[in-house]
Each structure stands twice: as structure tokens, then as C-alpha cells.
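Let me begin by presenting the structure, written as C-alpha cells, before commenting on it.
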Amino acid sequence: MTLLTYLRRKLGLTGTKLGCAEGGCGACTVMISKFHPHLKCIVHHAVNACLAPVCSLHHCAVITVDGIGTVASRLHPVQERIAKAHGSQCGFCTPGMVMSMYTLLRNNPEPSMVDIEEAFQGNLCRCTGYRPILEGYKTFAKVLDFGLWYCEDPTVLNQMYDPSKFIPLDPTQEVIFPPELLPPRQMKFKGERVLWIQPSTLTELLDLKSHYPESKLVVGNTEVGMPTIFPSNTGIVFGAACTLTLLGEVLRDAVAKLPTYQTEVFKAILEQLRWFAGKQIRNVAVCLEQTIIKYCFKFGAVLGQYFSAFKQSPRQEDDIAIVTCGMNVVFKEGSNIVEKILLSFGGMAPTTVIPKTTCKKLIGSAWNEKLLEDACASLAEEMVLPPSAPGGMVPYRRTLTLSLFFKFYLTVKHYLAVDLQHEVLIRYYSSATELFHKDSPSSVQLFQAVPPGQSSEDFVGRPIMHLSALKQATGEAVYCDDIPCYENELHLALITSTKAHAHILSIDTGEAMTVPGVVAFVFAKDIPGSNITGPAFYDESVTCVGHIVGAVVADTQAHAQRAAKVVKITYDELKPIISIQDAIDSQSFYQPVRTMKKGDTAQGFKDSDHILEGEIHIGGQEHFYLETNCTVAVPKGEDGEMELFVSTQTHVVFLVSALGVPANRIVCRVKRMGGGFGGKESRSIILSTVVAVAAMKRPVRCMLDRDEDMLVTGGRHPFLGRYKVGYMTSGKIIALDVTFYANAGNSKDLSFSIVERALFHMENSYNIPHVCGTGYMCKTNLPSNTAFRGFGGPQGMMVAESWMSDVALACGIPSYEVRRMNLYNEGDLTPFNQRLEQFTIGKCWEECLDISNYMKRQGAVEEFNRYFHRWTKRGLSIIPTKFGISFTSVFLNQAGALVHIYTDGSVLLTHGGTEMGQGLHTKMVQVASRALGIPCSKIFISETSTNTVANTSPTAASASSDLNGMAVYNACQTLLQRLEPYKVKNPKGSWEDWVNAAYFDRVNLSANGFYKTPDLGYNFDSNSGRAFNYFSYGVSCSEVEIDCLTGRQKTLHTTIVMDVGKSLNPAIDIGQVEGAFMQGLGLFTLEELHYSPQGSLLTRGPGMYKIPAFGDIPVELQVSLLRDSPNDKAIFSSKVLGEPPLFMAASVFYAIKDAITAARSESGLSGPFRLDSPATSERIRNACEDRFTKLCPPAEPGTYTPWAVRV
């Protein structure tokens, strides 16, 4: 049993969350304290509770988020600051953040910013974009820098909270270590299948090992009593039980004390440790065997020995290496002639590889250009990978071996210049020798102040804290799986297909029945109603890996999962269709095919000076909400009634069909979600349906593990965009013909609407006279892809920016000029013939240029690239966005609300939207507060429930604040009309007086509200009608720096200007901008799903699938909410902001492309080139073509079976 299971299920301490079960997200972080027998003191470590066996914690004190502060009693400063700094949105990651910071402060009450950033290397957040978390905790640092921006305009604010009001940290008030835990003694724990023995001395360990010779030694959170560190005459010896954290501390101490020449190896090891795993893992990870690490190979102050180590991974921090290496060279005394050389590479074979032939060839050679050429040619021949090698990226990995050796070559050349007074390495090449470094991030947020005279009790327009933030920071906020277990509750595990396309011949549950605790199996025959949900179960054939075949119900989750794994399914396999290209080749499409036309494209191409054709592939994306899909179903025992607690964004109509009962018998309740992003709009139904069917007699619970959730629920649609563009020599675009292919997966799900939205956004913000767009839904054997923040819009706009970039490169005109000349103007018509009103792109563009100092920055980038850096390049890009607001399915543009006023004056508010961290409930309380004229403190939202507001639309399409806000306002107006006579009678009375007077006069103090967006309805056939209520606009500028040798990149600067109308809550809106931007950064630069040729998802969980982390924040981030741009089509002149900012991250992608263009020019390459999304380190390096890439060409397609296919 893990510590996490023990905390949540045995002790009922649900503040600590389960996010991934593999130590990769940090949601389960707790603090472990213990007496260290060798340091003779109490040590505190942050650890992952999901990995720590509870048996391993004997003699340890465990402190969780539940134990350091509560909302009702006293908040700990760590909890208060993350909440009030707006660093908690969905809140599921917040307890882990709190405990990582808490542990740091227990060890170091005055940390540096470097310490704080390092503390969070093992924590992930999908909502906030990380900036507010760091800013809140920056207040604990020795040096404070809040990134304040001075502005003389009093209507512009940039401070969303007052740090001076924070509770001060008092280390003397922390919980002490229990003295009872000091004396160690041997302990035994006997479980269902395991005997765990914890020895207290080395003698006990040896005796136990002789008695149990087949036993495994487990070393993680504890030592085993042996000496761990001692110096020797050649180095430092680290015992097998030394943690990596301790190893790092000892080496840092040695580096500070010993001469420089003795610590080169130590420095290289420390540099690698910086990027190895997260703090929680390093705190418990140990050396697998006794390891001796010497001071360095230059021991004894002998000149002529040089050592370097390199690691390249998809994400800089907490990631597995693609290729890693250590390189050592020894020169003959006083010369540059190689006497010995040793190169060692990881990631080029199952084990470490030493290119012995290359090393042998280089002995006796002078360290010069000829040696470099010989070494690279030899490495290219010797470091060969088969094209089907596990992990893929074969040309990139081979190129990295050469690139990293080149870095070593330049590094040693630099040292030789110093030691032997040789020619100094010129600055043009020196950047290739620099270690990766990124300054601590700084930021500015600008928003409009509320108008003078606005009541202090009117919180609309003010940056108030998310209403659940404090509860989320203390662990008291209740999520679906935090609900206490019911009596006789059972747990469910899914039985899923392992084949992408096959007939099921038989299902054998015999072995599974023998697993303890198994109660029943659920298959298609057990569904009492319709199997329409996808369907919920497959009993004859499966059409993707991860199809739900059935389910196991048992007394515990562990038993259910163990039984599910041993269910044997026999298949008759069929040929699968996996990729978009497979679907095109097979003409495997769902119908209908959508087309949108405006103007005459044939004539437009004739009138153009030039015609350009190209294509771009945009990869899919996993939602990676921190809380996976979860359902608790509770049967009521009569009339088919059932209560469901579901982490969902949508209604339960399909679930009702499966149960075969009317909708009025089912109550679905949603308190809050730990993130959604569209992933819980339709796909949550497949789990809730299965759980509901299994719960006909007893309560049943299921929360998917991270790998299960990623396997069965699908994600963002991969897109292939093919385009033909007609343009003038000036850069003005005349005609566009674009075709979209979306990988829909094994069912339509929401793909039809997603492809439609891609067509609605195919021109982004550009006025193209002649346009034709076509959209295909590819029918493949992948889990059905689904809604994801942007809903097809980002893919459509990404294709648009690809052809815009190509036109700029072809014309030789700066891309910002080409983009600016093609922008829409007020009153222009879109391709779907909707006139643009209150059009603010131009205003956003000019403000973005101004705030970012674009022209000055452009000059600095050009100077950097042209004169000083061959192997490091910078790029700059500015990108607009125009995002339509409304559901494109007209019937969904409606919402309801229910408002109760109680006799004490308190108000209970319910509406049809669900809270998933976007601050919807907070905004609705603000709306009701202004509408009723009472403080927010009098208004409460408990949950979203189908028995209070029926027939709700999904909380999606960025429209929830508009729809539900107007519904709430409508209900409040009804109540105000009823209260008006009593206000007139008693004008000096209080709110409570009026309410009581109305009550005693028998006036109904409850009201329903309803709203539907007016004048909507677009017809594809006639290309007429109004598709959207209005548009949200924004412009983003980003500057990046790339390492041309490895493909590594960092974002140096981003400025975002967003038009949000009159913001209801600037803090929440800025949080949405930054969170969406970072999610887009993942989509366009980092996150990559890998599928095998057989359709199996290879990237399941944070170990293989990397979302942006703290280290991926732009070094400078400026967010400005456009001032003086009211929107007359939404509640209180606001605009919604969930999805539009995501595309702002495209500015990073095209800045990368700009930097690659500079790199390619060094090799004599110019003009348009293809760069698919995401712009990973692999794609960046491969696009920076040079002499090294030419030595490692890819294998011919069709001559091998790849490890992974692009879907």
C-alpha cells in the first residue's frame, strides 16, 4: 500500500491528490521528516506519496497539506500566498505546490529564487501557466522583485494583490518532530502478498538477506544503517543508500572547498543532477549500486585533461534524456595532441555505448578542424541505429552524437586556448560551449481600473480571488474522489481492448474470478437500456486500442485492477487505419465533407503574381487535466433513482439512455473539477455510463489512473492542412484554397463541429478576397478524439499562419509587415459573410508593438544573429488571433439559473455551468452581487446539479460566462422587481429588511433565469447567417533563442494583448490568458503523442508525455488587457476568455521558425521550408540543416517499420 492510499482511504485525509501514480506531477507531494543517524539532525524532504510504500516510513513523521492550516482556524502563510496571488485555479495541483514550498521553507526560511524554482521541478500545473505561483512564493525570497511597471495613466493597474498584507512566516510555530520516532528498531509488516521487513542495522540486514536470499532490497525513503559518504585518497565514496539530493549537497560542498582543477567532474555531475527528475524523486532516489566518484580525471593539478557531460531531452527539467554523453580527453603534456580519449553515449542502444573505433582513430591527432571532421565521419559510421529503433527520432539521435561532440570539441578548444595560450575561440562560435541557463522569470500584468465612484461593494471589474482558492490551498476543497466511501461501496476497473481493429472471439474471466474481492463483471449484455454512448461496451468487435470491452467490480480498486489485467480476450485481428495519410489512401472519411467558399478562387489565382503550395501537420494533444475522469454512482433503491457525482462538463442524457430510465430519475452533481479543457465534455460519459450500469444495486466508484485516462479518452485532433495561396509581390494575399484533414478516431464524437470551427477560422485575422476551404473527418482506429480548448480553431489558424509565413519568406519581406498589410479592418466580411463590428485587432497590434518594443527588439535579434552567434540564433514573431464566441450548434446557446433568497438575506445561486478552475462560479457571484446590489459575501454557490437547473448546455465553447451570466442576471432582475415595492416603502432599510418584508408578505423569493443568445444561425449551403455572437481578439509577440546544435529552445520574451471587453475579473481573466498561453506553448512546441503502427498509445503518463513545466515560462511575460473596448453583446460589456488566448502561443512557434531561418541562412538555405507542429527539439535541430545533419540522413520511407507513426 502506498502512503497516498493510506492517507486517503484509511485516514480520510483527502487533501493529498492522486494525479499520475508515477511521481511525475507532484499533486501527491507531502513532507517526510526523520532523524538522520549520520548527520545527527532532523531532515525534511518533499516526497511523492503515490510512490512511497507506507511500510517504508517507519520512524518518519508525515505532514500533509491537511495538517498545516485550515480556512476555519489559521492559514499557513504558504497556503495564503498561493491563493491570494491567484496561483490556484482548478486547485487539484495546489496541495502539492503548497507542500513543496512548505518543505523548502522548513529547510530554508529565506530561500533564493533559484531555490524556489528548483523546489517546483517535480510539480506540474495545467491551469495557471505557473507565473502566479512563482510570484506568490517570490514573497518568501531574500530579494523581492514583483516586476512592477510604472504607468502615469491612473486608469491602468498592474498589481492584483497587496503582498504587505500577507501573514508573515514564523518558523518557530511549525510542528515539531515527535520524539517517539527517534529510537530505530526492526519492524515487520505482513500484507496480502508481501512481507516487508525494515532492519535497523547493517548486521540485521545481512542476517535477513541470508534468511531470505530471493528477497529484494528496497531503498528509497530510508537508510539501512551503513556509512554513506566518506572521502578517499582518490575521490569521494558514496554508499548505495545515498539519495541523489545528498549526493548533490556533498558535491556542491566539495566544489566550494576544493581547487577548481579537482572538481570538473563534480561540476558536470551537478549540472546533470539539475535536470534529473524532480526534487521529490531526488529526495528518495539512490545509487543502484555502490558508486565511487573521483574528484576528477585531472587529479593532482596535471594540465591537459578535460571532461564534459551533455544531456538532451524533450523538456529541459524533469525529463528522460534522448541522448546523453560523457566525454574525456587527455593531451600530451604541453600540447594539443590527443594521448587518450573516451566518449560514452546513452540513448543510442539499450545500454551505454562507447565508440571504440572513433576513440582509437583520434589518438595522436592534433585538436583541430581535421580531427573534428575525422571524428564526425567516424561517429556517423559507428553510432548507427536501425530505423525501427525504440524511441524513434533516429536521424536526430545520430545527429546529436555529432553535435554534442562538436560542443565538446569547442569547449576543449576554449580550454586549450587558455592553458596553452593558443588562438582564442572567437565569439561567433563560443555560444555553443555555454551551459543552458535561464534567468528567473519576471512579469507584468496590465488591466483597467474600475471607474471612479464605483461602490466598494461592487466587485465587478476588480481582481478578486477565486472563491475556492483558500479551500484548495488547504486541501479542504472536495473533488469527486474525495467524497467519503459509502457503506458497501465497490470499485470498478475497465477491461479494454489491446487491439486497434479486431473481432472478439471470446472473453475468459476464469483467472480474474480467483482474485480476492471480485464481486462481478459487467459486459454489454448487462446494459438495461441503450448502448448508444459510443457504445459503452463492445461485445463483438473493437475499433481502437483502449475500447471498453467490460468492467470488473471488486471490494477495492487494487483488486479490481488486478482482476481486469488477467481477463483473457481472444481476437481475430483486422487491418487498422491509424494515420491521416492511411485514411486519405483508403478514403476513410466520415460524412458529410464540409466546404466554405467566398469569392472566385480560380480568378483570384489568375490575378496573383505568384502561387505557393504547402502543407503543415499539427499534432494532437492530451488534455492532462490533473484530476482524471472520476464517477461515483449511488443507487437510491426505488423507481430507478440514482445519484451520480461526476467530474464532467456536460449533461447525462446518454447515460440516462443506457440505464433505461427517464432523466428525472437521475441526479448528476458536480462540485468542481480538477481541470477539464474540453476533455470532460463528451468523453466523461463513457466512464460514467459504465459505472452507472455497474451500480444498479450498490454504490460504485471509479477514478481512472493516468495511463488509463490517456488511453481511452482521446485528445485534441491531429490536423493535416494543405494549402494553395495566390499573392502579389508586395505580400498582399489574393486567393486561398485550403483543405483540412482531422484525425477523428473511431467515432464522430464532436469532430463534425470541430472541423466546422477550423473552417470558420481558416483565414485567422486576414482579409482574403477569394477563399475556399474544405474539411474532412478521417475515420481511423484510434480512440475518438474530442473537444479541446480551441475546438479546431487553433488548428485552422495555425495552418493560416503557416501559409502567411511562407509568403513572407518567398517575398523576402519581414513577416510582421506581411501580416499587418493583410489584417482585417472594421466592417470587413469574413469568408462566412459575417461583418466584423467593434473590431479591435489593429488596436491590439499597435499596443503589442509598443509594449514589447518590437522594432528595437527586431534590430537586436538581427544583430545577435548576424555578428555574434553561429550556433545560437534568436527569432521574433508577432501573431494575431480572431476567435468566434458561440456554440456553432445553435441550440446549445442557452442557459438557466436558479436564485434563492433566504430570510436572513443570504443568497443561494445555482446555474448551468460547471466549475473546472476557470473561475466561472466566482464571476457568477460577482454578476449576482452587482445585479442584486449586495456584497459577494452574501452569495453562495454550492454545486451544479441537474435537479436545480435542467437541460444544461456543456460548459464549453468559452461561452459559459456569457450564457450563465445573463441567465443569473435575468433571475436577479425578477427578484429585484418583486422586492421593489418594499424598497420604495422603506428606502432607508437594509437588504435584510426588504427581504423579510417580502417574505412576511408571502412573496416568492426564488426565481428562475433563462437566456438564449439572439440572432444566431449559420447555413453552410448558402454561406449566410450569423455564426457567432461576437469575436475575441488578441495579438502576441514572442522572442526565442534556439541552440542550433541540439534543438533546445527557450522563450526570452512574450507580450500578449487581449481584448476582453470590460473584464468581470481581471485576475481570473489574466490567469486564463497565461494558462491558455502555456497550454498552447505545449501544443506548438513540446507535447507529442506517439502511437505504434498497430495503434497503441506509447506516451501514457508524465514519464513519456511532457507538458510545460515551471522552467518553460517565458523569461519576460507581459499580459495586457485592452482598455476602453466595451462589448455590447455580453454581460456587463465583458468578453469571455477561455479559449482565444491559447493561439497566442503560436507566436513562440513562428519565432522559432524565424530563428531556424537565420540558422539555415548560415548554410546557404533560403525561402519557405516546412516545419510541422509541435516544434520539438528534434524538428528544430533537423530543420537547422548543416554538415552534421547531412552525415545522418533518414532512411527511405517504406523500407522499414517505424517505432511510432505520425497520426
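Placed from the backbone N, Cα and C atoms, the Cβ positions cover glycine too.
All annotation found in TrEMBL is predicted automatically rather than curated by experts.
As annotated by TrEMBL, domain '2Fe-2S ferredoxin-type' applies to 1-68. Positions annotated as [2Fe-2S] cluster 1 binding site by TrEMBL: C20, C25, C28, C50. The feature [2Fe-2S] cluster 2 binding site is assigned by TrEMBL to C90, C93, C125, C127. Per TrEMBL, the feature FAD binding site maps to L217, V218, V219, G220, N221, T222, E223, V224, F276, L303, K311. The Mo-molybdopterin binding site annotation in TrEMBL covers Q649, F677, R789, A957. If you look up TrEMBL, you'll see E681, R757, F791, T888 marked as substrate binding site. Per TrEMBL, active site, proton acceptor is recorded for E1139.
A map of TrEMBL features onto the structure.
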{"residue": "C20", "record": "[2Fe-2S] cluster 1 binding site", "Cβ contacts under 8 Å, 6 or more apart": "A27, C50, R706, G1101, P1102"}
{"residue": "C25", "record": "[2Fe-2S] cluster 1 binding site", "Cβ contacts under 8 Å, 6 or more apart": "G19, C93, G96, N123, L124, L626, R706, P1102"}
{"residue": "C28", "record": "[2Fe-2S] cluster 1 binding site", "Cβ contacts under 8 Å, 6 or more apart": "L4, T16, K17, L18, G19, N48, A49, C50, G96"}
{"residue": "V219", "record": "FAD binding site", "Cβ contacts under 8 Å, 6 or more apart": "A240, A241, V286"}
{"residue": "K311", "record": "FAD binding site", "Cβ contacts under 8 Å, 6 or more apart": "Q272, W275, A321, V323, T324, C325"}
{"residue": "Q649", "record": "Mo-molybdopterin binding site", "Cβ contacts under 8 Å, 6 or more apart": "M673, G676, G678, K680, E681, S684, T914, M916, P954, T955, A956"}
{"residue": "F791", "record": "substrate binding site", "Cβ contacts under 8 Å, 6 or more apart": "G678, L750, S753, I754, R757, A956, A957, E1139"}
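Report note: the [2Fe-2S] cluster 1 site is defined by C20, C25, C28, C50, and the residues of the same chain whose CB lies within 8 Å of the CB centroid of those residues, excluding them, are L4, K17, L18, G19, A21, E22, G23, G24, G26, A27, N48, A49, L51, G96, R706. Summary of the substrate site environment: with the site residues E681, R757, F791, T888 set aside, the chain residues having Cβ atoms within 8 Å of the Cβ mean position are L750, S753, I754, E756, A787, G792, G793, F887, A956, A957. Within 10 Å of C127 ([2Fe-2S] cluster 2 binding site), as judged by C-alpha distances, the binding-site residues found are F677; the full candidate list was L217, F276, F677, R789, T888. Of all the binding-site residues listed (C127, A957), A957 has the fewest other CB atoms within 10 A of its CB. Residues in the domain '2Fe-2S ferredoxin-type' (1-68) partition by DSSP class (helix H, G, I; strand E, B; coil) as 15 helix, 22 strand, 31 coil.
Around the Cβ of R789 (Mo-molybdopterin binding site), the number of neighbouring Cβ atoms within 10 Å comes to 26. Take the Cα of F677 (Mo-molybdopterin binding site) and measure to each of the binding-site residues C125, L217, F276, T888: the nearest one is C125.
Taking the centroid of the Cβ atoms of C90, C93, C125, C127 as the [2Fe-2S] cluster 2 site, the other same-chain residues with Cβ within 8 Å of it are S88, Q89, G91, F92, T94, R126, T128, L626, G674, G675, G917, G1075. Pairwise Cα distances among E681, R757, F791, T888, which the record gives as the binders of substrate, peak at 17 Å. Among the listed recorded positions, namely E681, E1139, the Cβ with the most fellow Cβ atoms inside 10 Å is that of E1139. Using the Cβ center of Q649, F677, R789, A957 for Mo-molybdopterin, the list of other same-chain residues with Cβ within 8 Å runs, in sequence order, G676, G678, G679, E681, A787, F788, F791, T955, A956, S958, G1138, E1139. Within the set of binding-site residues (C93, C125, L217), the lowest number of other Cβ atoms found within 10 Å of a Cβ is recorded at L217. For the pair formed by L217 (FAD binding site) and R789 (Mo-molybdopterin binding site), distance between Cα atoms is given as 46 Å, rounded to the nearest Å. For the domain '2Fe-2S ferredoxin-type' (1-68), the predicted model reports an average pLDDT of 92. If you measure from the Cα atom of F276 (FAD binding site) to that of T888 (substrate binding site), you get 46 Å. Taking only the Cα positions, the spacing between C90 ([2Fe-2S] cluster 2 binding site) and T888 (substrate binding site) is 27 angstrom.
Take the binding-site residues C50, C90: by the count of other Cβ atoms within 10 Å of each Cβ, the lowest one is C50. On its own chain, T888 (substrate binding site) has S753, E756, R757, F760, Y1018, A1027 as residues at least 6 apart in sequence with a Cβ closer than 8 Å to its own Cβ. Here the C-alpha separation of R789 (Mo-molybdopterin binding site) and C125 ([2Fe-2S] cluster 2 binding site) works out to 16 Å. Within 10 Å of the Cβ of R757 (substrate binding site) there are 26 other Cβ atoms, across all protein chains.
The Cβ neighbour count for F677 (Mo-molybdopterin binding site), using a 10 Å radius over every protein chain in view, is 32.
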